[in-house]
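Trainee: Features from Swiss-Prot:
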BINDING   155-211  ATP binding site
BINDING   Glu284, Asn286  Mg(2+) binding site
DOMAIN    129-313  domain 'ATP-grasp'
Amino acid sequence: MKILFIVDPLETLKPGHDTSVALMQAAARRGHSVWAAEVGDLQVHHHRAAAQVRTLTIHPGRTPFYTVEAVGFYPLSEADVIWMRKDPPVTSAYLWATQVLDLVNAGRGDGRTTFVLNRPSGLRNDNEKLYALHFPDLVPETRVCTHRQDILDFVDIHGRAVIKPLDGKGGEGIFLLARADRNLNAIIEASTAYGTRHVMVQRYLEESRQGDKRIVLLAGEPIGALLRVPREDDVRGNMAAGGRVVKTTLTERDREICRVVGPRLVADGHYFVGIDVIGAYLTEINVTSPTGICEIDVLDGVVLEDEIVDWLVEYTRPALARNL
């Protein structure tokens, strides 16, 4: 198969950490052609989705992990699979790229279908913070708002809260709110851009000191997990914010959460997803570019990326003759 990965600049990807690299390596091990492009390479040409594409040779255990063998301009329908793994934030350029990806199978008459994951319309519609609110029985007390007084009222009710930007990643812009903090008003002003930008405010969960659990789901089923434990001087467990990763297992509550959200994820076209769980609560659903595969491999002695690529092959085998 020809698998096109739409990613950040290749030179910024880190082998041993970036899930996109692990997936490319697994695809190459399985004998598939690995292509790469950036969001800026996508375009519509003669009414067809197309891109400037790099054909890669993947080098396991080497830096850089790839060689660009060729650069060519192709209709995106030339790929058998397109994997959209551009990191957030979801900018206007990102949204435009999903519109281009909607056109991949438009007007083709060859009986084939290129599989695009996650589904472009789902990437547009399902904000990674707000998506979890479709499951009100699973999430902690939450308010999404812009006004300072609404946030202060929430803090008064719950004692402490966490404020998050709706378009952040890797723990960026996340702060702990407490009435006793003399910086409280300044944090709210900065987070909301003086009341002009919506934020999410959630009840602070004491269990977050023990870590937040990243659970990776493939086609709605959990295939691995890790625990991200924050530093003593931080409330964020994200790896990008200095959190450490710890081996973990799924509790019955974790499995219940997966059973509830899994069918909805698949229905919305989200086949590869990372959900975040703190204690008994779902806090986030990561659909754009979920990570954690490399760390789970090391912690659990597995090779999840091989399992994922094998699933992809089996799932898309009939896709050449059916409409996904």
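From the backbone N, Cα and C atoms, a Cβ is placed for every residue, glycine too.
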Trainee: Give me the CA-CA distance between Arg203 (ATP binding site) and Glu284 (Mg(2+) binding site), in Å, as a whole number.
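Mentor: Their Cα atoms are separated by 14 Å.
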Trainee: For Gly195 (ATP binding site), what is the tally of other C-beta atoms lying within 10 angstroms of its C-beta?
Mentor: 15
Trainee: Provide the number of Cβ atoms within 10 Å of the Cβ of Glu284 (Mg(2+) binding site), excluding the reference atom itself.
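Mentor: By my count, 21.
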Trainee: Return one of helix, strand or coil for Arg203 (ATP binding site), based on DSSP.
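Mentor: Assignment for Arg203 (ATP binding site) reads strand.
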Trainee: Could you say which of the binding-site residues Arg179, Arg203 has its Cβ with the most other Cβ atoms inside 10 Å?
Mentor: Arg203
Trainee: How would DSSP class Val155 (ATP binding site) in three states?
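Mentor: Going by the DSSP assignment, Val155 (ATP binding site) falls within a helical segment, counted as helix.
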Trainee: Fewest other CB within 10 angstroms, which one of the binding-site residues Val155, Ile163, Ile187?
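Mentor: If we count Cβ atoms within 10 Å for the binding-site residues Val155, Ile163, Ile187, the smallest count is at Ile187.
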